[in-house]
């Protein structure tokens, strides 16, 4: 193999792969990066048997070939290079990375035992990458990071007519987002949130294809394709919110309320619970901790209804309000220990609703 | 006590104190912040029996007084506040922090058992704050972080005629910096590098007073005064470098060499040692690790002398070259296991020299 590539393009592709497929340290082959040079250019691929990602880049191909090298040293070296062009060439049992005045060489791993990336599931539909990234960034906030209950570590991605709906919950909070969906088929999959979180950072604007079959879920964009095994979704989340008993609706500036939550949140007990009291044209936040002291702050709000208050964990309020930054937010409060629903007063795409469960107030 | 203060000013002062005196968690009094309101304004002070810091700010003082409160919650609250003015007022057993629409209250600690800050040692001289901060940021790089050998965790600060000289070493590397000194007396103290590192971030441009007596060292600037107990300096560092045997002098662009060290440093063994070979009009860096692969990079250089090479830990080279960013650097290489000295080809204030010990080359 012998190819010449623009350094920044190849460095970006290698870094993207390393982030999407962090690699299992135990097996160097699965921590490897498969480079395939064909007349069409160069393809980088990684597969840890759960996630499989392939990225294509243009290249001047002097000699075709297929090699497997350690992924992280390759990505680190390419990222640190300042020269505009870089040449990858097999020299004996090494892959040499050559740039003017510099030569780095990585050991070749056995490419024949690498599983490759395989064909993608069929295209189920397409979405706009920018809106999808925004919707993913919102929903992954509500997913659990506790691997002991895998089903709560996923985001349910489901098509319904002309909308793609995403739902995630860790049982204490739930996020729902939806955006326009250009259907070619259907999708209903529980996808690991950790991968979607990274994809939310990488997805460009423009068309993104959504791939799905019974066992796998994938996204394709601009010469890149990422697929993953889906989680067991037989116990699927509900994606409709039933509000039976809303007795108070509050509207306020999301950033102003988030600022107050951040400050009063400094004065909470070990559970991080603060009191939200609904007053006359204002929300009053209260925190108290025997050691830290006590805090009280008021934020102007439109209030409709007679409810007096509710208690929440401050970090859930912070996550919920972050989804509506720069906007007016509506809180629909139900009595007792029923959920409170946050939504935008003037919704934009992707539409988002965030559900937070109340807590018992501090004693 | 009842005072009104500009929030940003008081928040900056409280944060500065918390960073300079991180506080011992065991004793809440020593983790406290002493606030004294007098007709001249408000003074914040902290003292953990090793470090003592006092900062003065203008304030509208409605009622004089002196209180002790937990330092970190106060600093966190003030930093998070968005209102322009803040009022501190004693209410019963609490200090209330009041701003429009908000009230926070911290428990009062027993101010009478707080040691206060005490008088500063006499002024030994003055320096320019900007130059001093730059010289400190450079020298603390070479100080040890290993508290088992306290004398290597300090920077020796010593006046000599019209220069103030700073030296630090962890035995593998040594940094020397000097800057103009306006003497009113003398100073020769071994000062904890961790405090100087923080002071390097906080010192403003303009005149800084240097205070010293047998047991304490201090700096004063714009209404602020920070003092610390000095380290045992009876085994003092040498602040002169004896170069007996320089056989090769190399000059090159510090940033270009630092970039090459960063890249080739990815290909080193567990000790992080790379080879520096002196060629004809170039420096060649080589790294090799049986697992990671091998690397070689050349950087253009002026070479005077016939030495062929030396091996160094890449992180020491990185630290040394960082001191000369944007400049041409001179490397004076001695044979065998003798030190290599880095200096600027065209020195500016503060003048800096950095000494790196060579290592045995990788096998």
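Note: Cβ is positioned from N, Cα and C throughout, glycine not excepted.
Please treat TrEMBL annotations as automatic predictions, because they have not gone through curation.
Annotated features, as they stand in TrEMBL:
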{"type": "DOMAIN", "residues": "A:1-115", "note": "domain 'DNA polymerase III beta sliding clamp N-terminal'"}
{"type": "DOMAIN", "residues": "A:128-235", "note": "domain 'DNA polymerase III beta sliding clamp central'"}
{"type": "DOMAIN", "residues": "A:246-359", "note": "domain 'DNA polymerase III beta sliding clamp C-terminal'"}
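Looking only at the domain 'DNA polymerase III beta sliding clamp N-terminal' (A:1-115), the predicted model's pLDDT averages out at 93. Under DSSP, the residues of the domain 'DNA polymerase III beta sliding clamp central' (A:128-235) split into helix, strand and coil as follows: 28 helix, 48 strand, 32 coil. Each residue of the domain 'DNA polymerase III beta sliding clamp C-terminal' (A:246-359) gets a DSSP state, and the totals for helix, strand and coil are 23 helix, 55 strand, 36 coil.
Secondary structure of the domain 'DNA polymerase III beta sliding clamp N-terminal' (A:1-115), assigned with DSSP and counted as helix (H, G, I), strand (E, B) and coil, comes to 27 helix, 56 strand, 32 coil.
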